[in-house]
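Visitor: Checked TrEMBL, it gives:
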type: DOMAIN; residues: 378-444; note: domain 'Mechanosensitive ion channel MscS'
type: SIGNAL; residues: 1-29; note: signal peptide
type: TRANSMEM; residues: 214-237; note: transmembrane segment
type: TRANSMEM; residues: 257-274; note: transmembrane segment
type: TRANSMEM; residues: 286-308; note: transmembrane segment
type: TRANSMEM; residues: 329-350; note: transmembrane segment
type: TRANSMEM; residues: 356-375; note: transmembrane segment
Amino acid sequence: MLKTSHHLCRFWLCIVGLCFSLLSFGTNASDAIKLADTSSPSATLSSFMHASEQVIQHWRDETLHLPAAQHAYFQVIRTMDLSQLPNRSRTVVVMERILLLREILDRIDLQEHQRAPDAEQVKQKELDMWRFANTDIVLAKQNTADNAGQFLFSSSTVQNLPRWYRILADYSYNTDVRPDYYQEFLLSPGPLFSKSLIESFPNMFKEMYGPLPLWQWLALLGVLSICKVLISFSFYLGERWDEKWQDRGMSWRTGRILSLVGVVLLLLLASYVIDDGIWVTGGVYQFFSISFLLAQFFFLSWLIMAIFNYFAKIYVYNKHQGKHVDSSLIIVLARIFGGMTIAILGVYVVGYMGFSISPIVAGLGVGGLAVALAIRPVLENVINGLTLYADGGIRIGELCRYGDKLGTIESIGLRSTRIRTLERSLITVPNSEFANMEIDNLERRDKRRMEHILRLRSEVSLDQLKVLIVNIRRLLLQHPHTLNLKRALH
């Protein structure tokens, strides 16, 4: 009997323990999937404080990559209007704003936190915004389609966080004393490097020089130096590639393209190291971020044009059995499509930097007409240049008579045509004028009329003249390229 009671007690203890475990798991699971409530200023403030606490803890533990940390990170983002923040897609930029806002809120009196209106008060007073007293920290009701009706920390608040942090930096915390998370953030590396590695450095490397500690300045200098050396080395390897394989045909002349691919990948890697390794912040980060992005855009644009030109030349080269022919039309079309691709890429880059492209698109409609009128002569030259290509009346290297002048076509560009005269001077004619001229292509004559006047001395006798005529006629008859000799001599 006692043995049976003992087994029953153990059984019930197991059941109770299992229930507590399930209850605890359910609570943790609900916290893990909890979404930020932004229905009122009070709810948004509470959601931010709760989620930011988790994000900061994961950041300090170097576990930001965990799913729970990522969930909390995105819930914090849902409470902030980042629409006007440049590079808002970068973790380092958003983390800086999260820490700044948390430092500010932890220095504001708790009674002010409690004054934040809840959903019922918002409905009664029809509030569109709420401001912390004596500050510019605003929770504003959103009107955009995605966030309609939600109260978020306004875009102006997010942009002015550094200023308000400097104003409140000397204030004490409204709760227990703790380390300044933002100052710790300035000295810390990103997820790519270990905090223990940086903490092992001598103190001199962790001293602030301007907005950054010394170790970050040295790391940036190292990244820039390595990039400069490797970019030069990449172009050197590209030239060596072309020299080595130039006898294998045009399809093997890809040295420049391979060099540019290497440079673009190198810049992407350098940006990744700065973003997730060095974790530069503030204006210095914005400067280096924009500089690297513009450098990537420059070399990527160069790569796009090189690829379009390469395939255009390969097409022409293969089409004509390896003979070098006039490929101007294909080259020009390749450049036009390459330019359009670069323009689309430029719009994407502007949006990626955090700037709104809506004003640019809207400005195209209003300013497009003015721009079209301003560049009308240029457009005329471009269109007439394409007309010259499409007609096929002239090609590079052909001898032509245009107007009262004679010369060899050297190039047909988008804006003008260049002609080498018989005196070896180079004439540039706008395509709009050249296309309207009467052009006599001397290279494409199927036959050429030879009309010459032979002058003889007066002492030549009649018999000598007859012999001369017979010999000239015989010479012309024997030549394979002469036709229609009925009136050869008269």
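Keep in mind that glycine also has a Cβ here, set from the backbone N, Cα and C atoms.
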Visitor: Out of 214-237, 286-308, 329-350, what stretch is closest in contact terms to the transmembrane segment (257-274), meaning most Cβ pairs under 8 angstroms?
Guide: 286-308
Visitor: Between 0 and 100, where does the mean pLDDT of the domain 'Mechanosensitive ion channel MscS' (378-444) sit?
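Guide: Across the residues of the domain 'Mechanosensitive ion channel MscS' (378-444) the model's pLDDT averages 83 on the 0 to 100 scale.
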Visitor: Counting by DSSP, what is the helix, strand and coil composition of the domain 'Mechanosensitive ion channel MscS' (378-444)?
Guide: 21 helix, 26 strand, 20 coil
